[in-house]
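Note sheet for the following structure.
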Amino acid sequence: MSYIPFPDISPELFSIELFGVTFALRWYALAYIAGLLIGWRLVLRMIRAERLWSFGPPMTEDQLERLLTWVILGVILGGRLGFVLFYQPAHYLAHPLDILKVWEGGMSFHGGFLGVMTALVAFCLKERISILPVADLLAAATPPGLFLGRIANFINAELWGRPTTLPWGVAFPGEAAQSCPGIEGICARHPSQIYEAGLEGI
């Protein structure tokens, strides 16, 4: 059976130790940062494009700057709480302080989405601006972040797909990825992160 070996890529770009605590910059964190910055620039360009708006853009550039802060909080808090509630509630109920250990990983796309939607609605109500046009702007600016996030999922060797005998199947590392009932030897799986990066992010 032909397959693609998983590339030797570290999930960490680099790490430093300060006062006995190791801080690492991971590809996943970089994907979040780059996705938010690219999305912000895209929305800014759309706001400035007068031809897009018959009656003016739905918010000002100053409001966009404030919205970015709300979105960042929504992504981080929603993503983390979503992971806690959806994937390991028993562990975090027994060890609640572990919720704060974001450097150990654990974010949820669904939680991040709900966090951003909550932040969007709260911000628009506070600023007295229409929710739907602002939601349209965010939706148009989201694909680059999704693309980068899925590429980071691939680098982390997580969220892989079903076993496959197709030649582009990837032999992901780890006991869970290699646990394929009925398959002896190397188990190749669909690189679903790459599929999703292309379908969601381009």
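The backbone N, Cα and C atoms fix where each Cβ goes, and this holds for glycine too.
Taken straight from Swiss-Prot:
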| type | residues | note |
| --- | --- | --- |
| TRANSMEM | 18-38 | transmembrane segment |
| TRANSMEM | 67-87 | transmembrane segment |
| TRANSMEM | 105-125 | transmembrane segment |
| TRANSMEM | 129-149 | transmembrane segment |
| TRANSMEM | 166-186 | transmembrane segment |
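Across 18-38, 67-87, 166-186, the stretch most heavily in contact with the transmembrane segment (129-149), judged by Cβ pairs under 8 Å, is 18-38.
Remote same-chain residues near the transmembrane segment (18-38) are listed as 9, 11-12, 68, 71-72, 75, 103, 105, 107, 141, 144-146, 148-149, 151-153, 155-156 (criterion: CB distance under 8 Å, separation of at least six residues from the stretch ends).
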